[in-house]
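Since the structure comes first, as structure tokens, the remarks are kept for the end.
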Amino acid sequence: MQKYISEARLLLALAIPVILAQIAQTAMGFVDTVMAGGYSATDMAAVAIGTSIWLPAILFGHGLLLALTPVIAQLNGSGRRERIAHQVRQGFWLAGFVSVLIMLVLWNAGYIIRSMENIDPALADKAVGYLRALLWGAPGYLFFQVARNQCEGLAKTKPGMVMGFIGLLVNIPVNYIFIYGHFGMPELGGVGCGVATAAVYWVMFLAMVSYIKRARSMRDIRNEKGTAKPDPAVMKRLIQLGLPIALALFFEVTLFAVVALLVSPLGIVDVAGHQIALNFSSLMFVLPMSLAAAVTIRVGYRLGQGSTLDAQTAARTGLMVGVCMATLTAIFTVSLREQIALLYNDNPEVVTLAAHLMLLAAVYQISDSIQVIGSGILRGYKDTRSIFYITFTAYWVLGLPSGYILALTDLVVEPMGPAGFWIGFIIGLTSAAIMMMLRMRYLQRLPSAIILQRASR
């Protein structure tokens, strides 16, 4: 029992800074929405539309680079720190290539926005302008993620937290300058949010690089000489590890986007109630997602040390802590669901529906916690391909079709509206959680030599 308590302390020490960093990132989005809304409703809507296209694109790149964390953690655990600098350099090359692709996609996203049914031309122009300003931040964001993943792979999660809050503090005044046109800058409205956010991502990257250059704990990595040229073999391995994670993230984001589109014809009350429950669940999701990042680090580090039993301990501890957290957030959600809904909207019908959906959200949180931590464990084992297959099957083969049938058809019961989609979420996430646990169990039952060989690739 003592080893699990010790491991839980280590996991929480890693996870808490990640949680705070994620809160800072979420707050940046909130600040953009509020400040754009303060300028005009059209500008706020433009930021929302632009963000809905930006997120799937940038999260794809983000997921691809997550492969660095277990790679660096495993090298650190095995004492092969001299190889870390080369992996990081290749991570920067990969981030640069992906940035160019993302920027090209976002530059041409105007075709998607203008093809939306009945969209106001002025709104479309502002949304396109916002995206074309924001896309210049894509390299800064992805370079920052490479540097952050280097730190986190070395079990240094506090720098990412600090840079997140630096970004938030810079974002507010820079937003103000570019939205309203102060200090000689043009008045850009919602487009100014894109300019500010792009600038902030570069500030965060440069601040992180400054930290890495000064950190004593990374002196040996910093001083390691090696080629700065692209290494096709290393980049291919990073892509092999990262692409399944990127696709899994992409399918998860697009699932919720598709459900939002399917709910939209049901009416304002249904859309608002669904959005409230989803937004609050997203806030609660920060906890298990951050714990999953910590579990990836610990499992990768233990495998690097050559201890499959300690890796199992880290995995099991992460799951136990995650279930405890999810149980607490579920109890909190059920107990205060009406009060939470009232924070978003005071329409009685909306509050009633949102409170009802939050009962389902409470169940959803437990399944979600298990599956996201399971995904973190598999990343630690470098078993990322299975994450993609599990996620795709659970969300798009089981979750979405069952949600659609329950919500909008009478094949099983009378159409349930948004509640049907939430039951679909539960079916999908519970299926993912079960499959993740079965895969983890299979991996952990392999001979130690095979586990360590797979982890060292």
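The backbone N, Cα and C atoms fix where each Cβ goes, glycine too.
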Shared topological domain relative to the membrane, Arg148 and Leu443, Swiss-Prot
yes
Given the cut-off of 8 Å on Cβ pairs that are 6 or more apart in sequence, determine whether the transmembrane segment (53-73) and the transmembrane segment (243-263) share at least 3 such pairs.
yes
Provide the three-state DSSP residue tally for the topological domain 'Cytoplasmic' (371-386): helix first, then strand, then coil.
13 helix, 0 strand, 3 coil
Integer average pLDDT (0 to 100) for the topological domain 'Extracellular' (32-52):
78
Long-range environment of the topological domain 'Cytoplasmic' (297-313) - Cβ separation under 8 angstroms, sequence gap at least 6
3-4, 7, 10-11, 14, 69-80, 152-153, 155, 157, 376-377, 379-382, 444, 448, 451-452, 455-456
